[in-house]
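What follows is a short report on a single structure.
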Amino acid sequence: MGEVVVPTEDNSKHVLPLYLPPTPVPFQIITIKDTPGAAAGVSPPPQGVVNLSELESWLPLTESRNGSTFSAILHLLCSGIGFQALFLPVAFASLGWAWGIICLSIAFMWQLYTTWLLVNLHEPVPGIRCSRFVRMSILAFGPKLGKLLAIFPVMYLSGGSCVMLIITAGSSMEQLFNIICEEGTMCGSMSLSGTQWFLIFTCIALIIAQLFPNLNSIARVSLTGAITSIGYCTMVWALSISKGRPNDVSYGRPVADRTGMTGFGNILNAIGIIMLAFRGHNLILEIQGTLPSDSKHPSRKSMWRGVMVSYMIIAMCLFPLAIVGFWAYGNMIPEEGILTAFTKFHGQDTSKYVIGLIYIWLTISCITSYQIYAMPAFDNLEFIYASSKKRRCPGWVRAGIRLFFGGVTFFIAVAFPFLGKLAPLIGGMAAVPLTFVYPCFMWISVRKPRPKGAMWSLNLGVGSIGIVLSLLLIVAAVWKLDDKGLNANFFRP
């Protein structure tokens, strides 16, 4: 396996591994070493050795570093607002008004803090940028532990998110078809199966993926995703207010649901719903990697400006959705979320074109989110080719890689259409640690703050709480699956 020569600003030696976000394919590691000769520009790299800057210029995540704060805002909005937000009122139904708002506020501030940590860890050594989460994990925790901790979460949050987007968008497209083509109409007799809806969505997503070679180039796609995500979130809670509350809405839960193991499990599952509503941390370093950076204008400044603007908008979407959703439907809200509740209670007195517009925006949001969540997988597959062939992927190879990944995600979506039921369990093992835990310990390992100092104690405490909470969420998810069962409808979407 070859080595990558990294030119740095001084003659000191840094040994850093380059490991790209994984996909369900064999993984490869390239060791990065700094050589004095290369740093001084004395001689070119030996034969068989790939220069890091050249290798990164071939890969989708770092092919273009001409991004801006505005493009970062678009990427953060597209990746940060998802269909998971539609389930927030369900969490409030278990937690109540006070604890629901408190938990949502704490989770929002917590993930904003870990985002700040990642933004400031992006350039841990002058001249070296960690534009991939797994590389940062290896740098912080070492090759073995870093891979062990980061491979599964990043794989799930990249490929697994794409699978969930196929399942969600396929269901949304089917609902849209049923709304427009009612029973008895000509098109109503032409309904498609779940597999066919999945296939239509995957084909649309892959066609778009072929048009944009790298992460920076999909800024226009992310703009569309940001607009549609904000649109359907706002429409759902605004229409819920305008239509008023159904009769007999209550906000108290039965005693049986508030006591014993049932009550404890409901509370933990509600906390899990809130924590899983915040997404995109596996893309923070990657998005920052599209921004230019130098000693006078480091990327962390422009990235943090983008984070502050985007997360203000995210908060303006999520908080009203949770609060208004619980106000409008109370404990009558179904487990499927606020959109299902709205169509159930107000579908008859709302224009089908208005409801159809919500589903259209949800579908478009899923298509655009697929592009940004698939990009780390595209990057890793192209990395395997580029590091073995020592050259950039030709256009036909890049197209084949994306078709291959799309086929894999489509197959998994068809084979496991019940994957959403396992989201709390897998999220507790993958999404929660990556979002709320790992950045804290990465800061301690990389920045090495003074032991028992403020930053050391804060990150140790927050990270430890996150570990305990992650374990409790896993236990609660297993208990819920055991209590209610799982309809494992393999290959029957």
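Just so you know, glycine gets a Cβ as well, placed from its N, Cα and C.
What TrEMBL says about this one:
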{"type": "DOMAIN", "residues": "66-480", "note": "domain 'Amino acid transporter transmembrane'"}
{"type": "TRANSMEM", "residues": "72-91", "note": "transmembrane segment"}
{"type": "TRANSMEM", "residues": "97-119", "note": "transmembrane segment"}
{"type": "TRANSMEM", "residues": "145-170", "note": "transmembrane segment"}
{"type": "TRANSMEM", "residues": "190-209", "note": "transmembrane segment"}
{"type": "TRANSMEM", "residues": "221-240", "note": "transmembrane segment"}
{"type": "TRANSMEM", "residues": "260-278", "note": "transmembrane segment"}
{"type": "TRANSMEM", "residues": "306-329", "note": "transmembrane segment"}
{"type": "TRANSMEM", "residues": "353-378", "note": "transmembrane segment"}
{"type": "TRANSMEM", "residues": "399-419", "note": "transmembrane segment"}
{"type": "TRANSMEM", "residues": "425-446", "note": "transmembrane segment"}
{"type": "TRANSMEM", "residues": "458-479", "note": "transmembrane segment"}
For the transmembrane segment (97-119), distant same-chain residues with Cβ under 8 A (at least six beyond the ends): 88, 91, 136, 251, 270-271, 274-275, 277-278, 281, 284-285, 288, 300, 303-304, 307, 311, 315, 318-319, 322-323, 326, 435-436, 439-440, 442-443, 459, 462
The transmembrane segment (190-209) and the transmembrane segment (399-419) contact flag, 3+ Cβ pairs under 8 angstroms: yes
Tertiary contacts of the transmembrane segment (306-329) (same chain, 6+ residues out, Cβ under 8 Å): 69-70, 72-73, 76-77, 80-81, 85-86, 88-89, 91-93, 97, 100-101, 104, 108, 112, 115-116, 119, 229-230, 233-234, 236-237, 240-241, 243-246, 249, 251, 277, 338, 341, 345
Annotated stretches the transmembrane segment (399-419) and the transmembrane segment (260-278) touching (3 or more Cβ pairs under 8 Å): no
Same-chain residues at least 6 beyond the ends of the transmembrane segment (353-378) whose Cβ lies under 8 Å from its Cβ atoms: 20-21, 23, 60-61, 75, 78-79, 81-83, 132, 154, 157-159, 161-162, 165-166, 168-169, 172-173, 175-176, 179-180, 201, 204-205, 208-209, 212, 214-215, 218, 221-222, 224-225, 228-229, 231-232, 235-236, 239, 282-283, 286, 339, 342-343, 347, 398, 401-402, 405-406, 409
Any contact, the transmembrane segment (458-479) to the transmembrane segment (72-91), with at least 3 Cβ pairs under 8 A: no
Contact yes or no, the transmembrane segment (425-446) and the transmembrane segment (145-170), 3+ Cβ pairs under 8 Å, gap 6+: yes
Ranked first among 145-170, 221-240, 260-278 for CB pairs under 8 angstroms with the transmembrane segment (72-91): 221-240
